[in-house]
Amino acid sequence: MSLSLSAEQPATPDVATDGVWLECIECGDTFAPFDDVRYTCDECDGLLEVRYEDLPTFDDFEGHGVWRYAAALPFESGVSIQEGSTPLYEVPRLEDEIGVEALRIKHEGMNPTGSFKDRGMTVGVKVAEELGVGRLACASTGNTSAALAAYGSRGGMETLVLLPAGKVAAGKIAQASLHDARILEVDGNFDACLDIVQELAAKGEVYLLNSLNPFRLEGQKTIGLEILEAFLADYDTVPDRIVLPVGNAGNTSALYKAFRELVQAGELDEDDVPKLTGVQAEGAAPMVEAIENDADEVRRWDDVETRATAIRIGNPVNAPKALPGIRETGGTAVAVSDEEITDAQRSLAAEGIGVEPASAASVAGLRKLRADGVVDDDERVACLTTGHLLKDPDAAAAAGGDPEPVPADTDGVLEHLQQ
Ligand code: F0G
């Protein structure tokens with residue numbers, strides 16, 4: 001199977017352009033990368049992956065941000081707003097409380113539009129330029145729409161976003177709006193939005209920039225590459241485990257691909273690949289269900305609900321790429337309650353790290369897996385926090401304390417403080 005850590009590097013097909021091609025993960029059919037617009041396999045509708053004749057080595061990486069990893073990407077540069085190079089925070093109190101050898105927080109909320117989506121968009125919008133397509137579009141729980149709007153604007157392209165009405169956090173809509181996306185509020189959930197935008201794309205109305213687009217995931221690989229480089233610098237070893245929130249499972253797929261490519265290049269030992277550990281909200285946990293049942297396919301959940309609106313997703317389109325990633329790396333998946341998510345959001349805030357609810361799911365999941373003994377006390381772990389606190393100001397205010405009204409004089413303030 002092509003999605004295995006022990007897969008051999010395939011021979012370069014004739015359709016390759018500058019050593020880059022697209023390959024179906026199901027039937028292995030190959031396609032030229034930039035001749036036509038294509039999101040899935042013409043033959044079997046399977047998901048596509050970008051393949052390279054030359055695999056990257058650590059020595060190839062130079063510079064800053066996502067484009068430091070150009071050797072692992074289809075281009076030398078993209079439509080950029082200086083994405084990537086996000087902090088990998090130490091969290092000594094949380095590390096102690098959870099009880100692992102090392103815990104670091106990769107805060108993707110520190111990207112230009114406040115989420116990891118920027119890493120995918122800098123590549124995806126570049127491909128759109130290359131293909132010469134007109135209007136860019138996505139379905140979104142919010143962050144993808146903010147990133148698409150910003151990167152589309154940066155590239156001088158028109159953008160259209162489909163959002164589930166009433167279920168997108170305020171900061172994200174504000175971003176899409178100011179960056180001038182045309183915003184359609186759909187009377188349905190995210191999965192319905194994605195169905196529609198896929199049909200619009202199939203009709204040639206829009207260029208799709210959801211994570212179904214294989215080029216988006218190329219950019220998101222750089223999260224994994226940054227984590228590995230930082231751990232090698234700080235601990236002289238890669239992390240034992242990477243814990244991340246899962247919605248469409250794009251990041252899970254992207255990190256797995258980054259590691260597979262390093263293994264194929266002889267840069268990373270197969271046994272050292274970090275255990276990919278996905279976390280979903282209890283009300284939207286189809287991936288967890290598939291892992292727990294050892295199922296080959298994920299069952300679509302029609303009714304999903306969680307406070308972590310970013311991952312309120314019932315049909316993770318990248319599951320065929322992500323399930324092997326979790327299994328082959330020896331990882332797992334776990335569901336957490338909204339209360340556990342908010343508790344983790346507060347714990348991160350107490351270390352000075354402000355994240356939106358979906359992001360805190362990773363820490364909530366780690367806490368649970370450690371308590372259950374699935375994660376050992378000698379593990380070095382990286383948790384991904386995917387979006388910034390300001391994305392969802394309402395959730396942050398609800399999780400924090402309330403402002404207290406006081407009179408406009410010092411005595412009144414002092415009196416209030418003594419109460
Ligand atoms: N965390 C945040 C903050 C997200 O916005 C998303 C996805 C995820 C995690 C899940 O990532 O899909 O790679 O598993 N948000 C998409 C959006 C769906 O439209 O913004 P995944």
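The backbone N, Cα and C atoms fix where each Cβ goes, and this holds for glycine too.
Automated prediction, rather than curation, is the source of TrEMBL annotations.
Feature region 'Disordered', per TrEMBL, maps to range 391-419 of the set 304-332, 391-419.
When each of the binding-site residues G247, G250 is scored by how many other Cβ atoms sit within 10 Å of its Cβ, G250 comes out lowest. With a cut-off of 8 Å between CB atoms and residues at least 6 apart in sequence, the same chain places G278, M287, P316, V317, N318, A319, K321, A322 near A249 (pyridoxal 5'-phosphate binding site), listed in sequence order. Each residue contributes its Cα atom, and for N143 (pyridoxal 5'-phosphate binding site) and K117 (N6-(pyridoxal phosphate)lysine) these two points are 7 Å apart. Counting only same-chain residues 6+ beyond the ends of the region 'Disordered' (391-419), those with a CB under 8 A from a CB of the stretch are 109, 114-115, 142-143, 146, 169-172, 307, 309-310, 342, 345-346, 349, 354, 356-357.
Between the two most distant C-alpha atoms of the annotated pyridoxal 5'-phosphate binders (N143, G247, N248, A249, G250, N251, T386) there are 14 Å.
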